[in-house]
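Pasting a structure here, questions to come.
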Amino acid sequence: MDTSNRNMFETLIRVLTESMFKHLRKWVITRFFRHSRQRARLVSKDGRCNIEFGNVEAQSRFIFFVDIWTTVLDLKWRYKMTIFITAFLGSWFFFGLLWYAVAYIHKDLPEFHPSANHTPCVENINGLTSAFLFSLETQVTIGYGFRCVTEQCATAIFLLISQSILGVMINSFMCGAILAKISRPKKRAKTIMFSKNAVISKRGGKLCLLIRVANLRKSLLISSHIYGKLLKTTVTPEGETIILDQTNINFVVDAGNENLFFISPLTIYHVIDHHSPFFHMAAETLLQQDFELVVFLDGTVESTSATCQVRTSYVPEEVLWGYRFAPIVSKTKEGKYRVDFHNFSKTVEVETPHCAMCLYNEKDARARMKRGYDNPSFILSEVNETDDTKM
């Protein structure tokens with residue numbers, strides 16, 4: 001009895017020790033090895049592109065001013081608000097100077113001591129400050145009634161018409177730019193969430209790369225389509241080195257990869273077969289690879305009918321071999337479906353072949369065992385038996 005208990009205790013200690021060293025090795029690799037290799041990535045986790053353009057000619061830069069609408073929409077908020085304030089203040093002050101010049105030329109200012117029967121171009125403009133206030137009142141159509149244009153000079157009437165037209169154009173452009181910036185579908189993409197890691201495990205008897213994606217809003221994305229690009233440096237047979245060479249990666253769910261019913265989190269997967277670029281990778285060599293997997297989700301916003309695109313990327317350190325995602329959808333007693341986002345990126349270790357080639361070789365071996373093969377070169381030779389023991 002003592003020997004049996006001692007053996008059980010030793011076995012338990014051995015299992016706990018192996019498990020402890022396994023988790024310690026995983027922690028060391030995660031904390032030190034993976035962070036020591038900071039890979040350059042084209043697309044960040046939140047979908048921003050890490051690229052810059054150098055040696056652009058001055059003529060090419062002028063194209064951005066030709067397409068001024070897109071240029072203004074792509075500006076950051078701090079630059080957009082600077083342009084917004086500068087456009088209005090600048091136009092008010094510019095026309096204020098013009099109104100002051102009209103009053104100065106027509107000798108309407110108090111320093112010219114106009115006569116009692118003198119009719120000014122603009123009533124009650126006494127200096128630059130009052131000219132600026134009149135310009136402000138004219139452009140934003142306040143109309144206090146204290147300062148007004150008279151029919152005395154045509155220059156003032158022409159200036160009034162010009163400022164009114166230009167003011168409408170500035171209001172339309174700037175207010176439209178602010179509204180378009182707020183309503184851009186890019187903000188809708190912020191409510192689409194991808195899992196922190198991608199996992200590789202068996203699904204339906206096939207080795208697959210799986211990614212989880214979720215829609216945080218109850219409104220759907222119509223005509224959703226998901227696909228991927230594998231970016232890596234390749235060398236052609238001619239010796240040309242292609243940086244960021246793109247390879248298509250097909251992602252599917254059980255119902256296909258188009259027109260997704262995106263009401264709950266979906267687990268999309270890519271089958272690692274003979275045509276997949278992941279086919280020749282293994283669990284031991286995954287971290288030695290140099291690639292970036294970019295995943296795209298295109299869809300139409302249900303409320304605005306605007307098309308949006310969500311992007312994210314995964315580097316080899318973010319691909320976990322031999323794991324699957326923990327379940328997150330459950331059904332309550334009231335009959336409602338509940339999504340637990342606490343387990344959204346949580347993974348569970350499962351038994352997985354260490355390479356796709358091994359899995360398919362194993363399947364081929366099992367298939368060959370179930371069927372026979374004819375050997376054309378086999379020749380049956382007859383042997384005559386003789387009795388050597390004659391009496």
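Glycine is treated like the rest: Cβ placed from N, Cα and C.
Note that the structure is predicted; figures quoted are calculated from it, not measured.
According to TrEMBL, the feature domain 'Potassium channel inwardly rectifying transmembrane' maps to 43-185. Residues annotated as domain 'Inward rectifier potassium channel C-terminal' in TrEMBL: 192-364. Annotated transmembrane segment per TrEMBL: 83-105, 156-180, in sequence order.
Are these features on the surface or tucked inside, and what are their neighbours?
Within the model, the domain 'Inward rectifier potassium channel C-terminal' (192-364) shows a mean pLDDT value of 86, rounded to a whole number.
For the transmembrane segment (83-105), the list of distant contacts is 72, 75, 120-122, 125, 127-128, 131-136, 138-139, 153, 155-156, 159, 163, 166-167, 170, 174, 177-178: same-chain residues at least six beyond its ends, Cβ to Cβ under 8 Å.
Counting only same-chain residues 6+ beyond the ends of the transmembrane segment (156-180), those with a CB under 8 A from a CB of the stretch are 69, 72-73, 80, 83-84, 87-88, 91, 95, 98-99, 102, 121-122, 135, 138-140, 149-150.
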What counts of helix, strand and coil residues does DSSP assign across the domain 'Potassium channel inwardly rectifying transmembrane' (43-185)?
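Taking each residue of the domain 'Potassium channel inwardly rectifying transmembrane' (43-185) in turn, the totals are 90 helix, 4 strand, 49 coil.
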